Number of protein chains: 2
Amino acid sequence: MSLINRLDTRSPEFRAQLTALLAFEAGEDAAIERTVADILTDVRTRGDAAVLEYTRRFDRHQPADITALEIPRSEWLAALDALPAAQRDALEAAAARIRSYHEHQRAETWTYTEADGTVLGQKVTPLDRVGLYVPGGKAAYPSSLLMNAIPAKVAGVQEIVMVTPTPDGTRNQMVLAAAAIAGVDRAIAIGGAQGVAALAYGTATIPAVDKIVGPGNAFVAAAKRRVYGTVGIDMIAGPSEILVICDGHTPADWIAMDLFSQAEHDELAQAILLCPDADYLAEVESSIARLLPTMPRADIIRTSLANRGALIQVRDLDEACEIANNIAAEHLEISTREPERWADKIRHAGAIFMGRYSSESLGDYCAGPNHVLPTSRTARFSSPLGVYDFQKRSSLIQVSAQGAQTLGKLAAELAYGEGLAAHARSAEYRLDTGADATTTDSTAVSTDTSRT
Amino acid sequence: MSLINRLDTRSPEFRAQLTALLAFEAGEDAAIERTVADILTDVRTRGDAAVLEYTRRFDRHQPADITALEIPRSEWLAALDALPAAQRDALEAAAARIRSYHEHQRAETWTYTEADGTVLGQKVTPLDRVGLYVPGGKAAYPSSLLMNAIPAKVAGVQEIVMVTPTPDGTRNQMVLAAAAIAGVDRAIAIGGAQGVAALAYGTATIPAVDKIVGPGNAFVAAAKRRVYGTVGIDMIAGPSEILVICDGHTPADWIAMDLFSQAEHDELAQAILLCPDADYLAEVESSIARLLPTMPRADIIRTSLANRGALIQVRDLDEACEIANNIAAEHLEISTREPERWADKIRHAGAIFMGRYSSESLGDYCAGPNHVLPTSRTARFSSPLGVYDFQKRSSLIQVSAQGAQTLGKLAAELAYGEGLAAHARSAEYRLDTGADATTTDSTAVSTDTSRT
């Protein structure tokens, strides 16, 4: 097996090779689906009792009762105090930058008034209550907690309820510290499909939320998919991806390490480099070979690069941009001179890292933008997690007495055309010429106190 | 069976009664799910041949080949020319108002520059290509076509591909005329799960799209749910709902007809009135009794009101607003004096119609805001269809050489804390103090042409 795949856009097989490389089918596991469906029904029906039973079984610890699963704020604050100063400072600095960036995303209510006095617009409001899923054990990333919770708070969400499994009763102190920094409101030591179910349906002790966000394993993902509609959910993420466009003048080690930083997440993660310079690609391959043995997660990186990674020689950077638009990668690094020139040509990417200094890892932690990004080509139609995911809009329609004359005639014409007579007559009642023939109280209009 | 349910918030059973009234479970039909799964796989594998076969079978007509299913633009323009002038004028006026309203929703790219030269922001781009599902037969509403297509065009979507089934080969002329007005780019006479599959996966003659919007039957809804992830989809709508808050001073016939205008859609549609005045509620009930026999769709309205409709006496308008926030209705009419006062208290609703003249039917057709709205309490976390559904965002991160020093240290601290060494080292390479110990080409930094 080679270290990493080598492709060339000039090869007649290139398109087929690229398609094969990108192919990833999430696939449904029937056993997981059945288990999750049962757990959801059970929690919906039996509430706290079911949550407690599943937690005892799956997380292997024995809370006395459901209230013992609430993690009190004093415990988060203690975790925060116990953090080494450098780590705490870094988390707080990252949180401040994330908050500051996301404040640019807050949408505001708007209206406009037409000549006849009719007012139209949209009212923007935050969601009332959001559920935040935080994985337990080793996959618990405090940075991920910040990225999910802070946009909700910036949006104005009143209450964030965090659930996180505590396998064998172990509570992740970094996660609790991050929860305190991010402004989470409640933390409950439950996870899995039972945690999602409790948030979606509510129980006697756990309040039902309006939306559930945050990463999780296959059970959590299946549960989120199933409760969608009852509550909102964020995107179900696929394996992480980085695509680097390089002009061949960034230190090869930098680019090799950038590819590693994606590959170290997961054997299924995908790291691809596009460059017009064959010598440079060879140089990066040498860097990979030399640096790989020094990495703590070398095995994961090796598998990821061999199966899903690629160094692709392109004709030029224009072609690289075309390919990038087709791949619609989660992370796109444009490691070139004048990166703006190439960024202008990019239509589809979760995040665009411009210039040689913008390594993806800076964006993962502290640049400010969200690291929850669309994967698996979904950047063609979706966006990074943001404040807009925790706000929603209500149309505002305040038709003036005068406006109702024009609009009423229009609406009636169209409604009759669609065979919807009640729609038409409801509009016609508001016409000054009187309501339609069946109306007996045409004088009633004059009792309308709002009409002046 | 009574004409319409009567509830009173002072009754001890009120909460339970309201919950029962609102309960609606979409429910999955296993037979539909299986059929749809098979059709999707078949179209994905066999492309046009499968699309053609299903169309012949389900739509009962015999196109010569797949190209015969393309509805040429000349045919839409002929349909537009054949429209009665009043109808055409009304459609065009409605389209202009919808366009003008939605132009307020267009988001723009933004960036800001930090003191050290680091640039952060978000690039906003339209989706490339959108699929628009338009039901065939009697449920084909030209107004719905305008509401789905115009926001996409305002967003800047390059190509809208419409699919619409033509049962027995009959092409709905109103729909074709509306397609011409709305700026649809292609129209193909296919529907059902096979239509959704063709749009999601693409075939030799039908291009794959990035998102599919528009209403459809249970097969279409199931197909959309299943292709979600491959493409984006809009919300799967439940039965339509109207909630009216009235102070008892709007002509009772107006309110009765407003309730009818929702109930006439569907036996499952829901129409509810909240009012503190018992006499007024009785008056509206009389209006319902008197007006109902005059309605062309009286049977549908009668079933809807008897099963799912309600006149609810509330203590006061404050309580009405609380209940409205709990119901989170698709359409909320505030038919009172000073409607702004009550609208300010509303947090959850698809659209808010303010004042006695703002009948829901005006919003359905021509006020300007979208009539595709969140149903079944999903207004707690989602929004009307809008331009924002056809735009997406890419984070922009351009870290300056100086910015990389601060951010690099932060990111490295957090990455090591999470056990992700490649992330840390990728950040450390960008530090002036040189990369970490394993780097052999610390001089390479000086070859970085972007660093000045």
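Using the three backbone atoms N, Cα and C, a Cβ is placed for every residue, glycine included.
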A:Gln262, A:His265, A:His331, A:Asp364, A:Glu418, A:His423 bind substrate per TrEMBL; candidate in A:Ser240, A:Ser287, A:Ser395 listed for that same site: A:Ser240
Among A:Glu330, A:Asp364, A:Glu418, the one of these recorded positions whose Cβ has the fewest neighbouring Cβ atoms within 10 Å: A:Glu418
Maximal Cα-Cα distance (Å) across residues annotated as binding NAD(+), namely A:Tyr133, A:Gln194, A:Asn217: 13
Distance from A:Tyr133 (NAD(+) binding site) back to A:Gln262 (substrate binding site), taken between C-alpha atoms, in Å: 23
Filtered binding-site residues - A:Gln194, A:Asn217, A:His331, A:His423 - keeping only those with Cβ under 8 Å from chain B: A:His423
Among A:Tyr133, A:Gln194, A:Asn217, A:Glu330, which are recorded as recorded positions, the nearest neighbour of A:Ser240 (substrate binding site) by Cα: A:Glu330
Spatial separation of A:Glu330 (active site, proton acceptor) from A:Glu418 (substrate binding site) - C-alpha basis, Å: 44
Cβ neighbour count (within 10 Å, all chains shown) around A:Gln194 (NAD(+) binding site): 28
Which of A:His265, A:His331, the listed binding-site residues, has fewest other Cβ atoms within 10 Å: A:His265
Maximal Cα-Cα distance (Å) across residues annotated as binding substrate, namely A:Ser240, A:Gln262, A:His265, A:His331, A:Asp364, A:Glu418, A:His423: 56
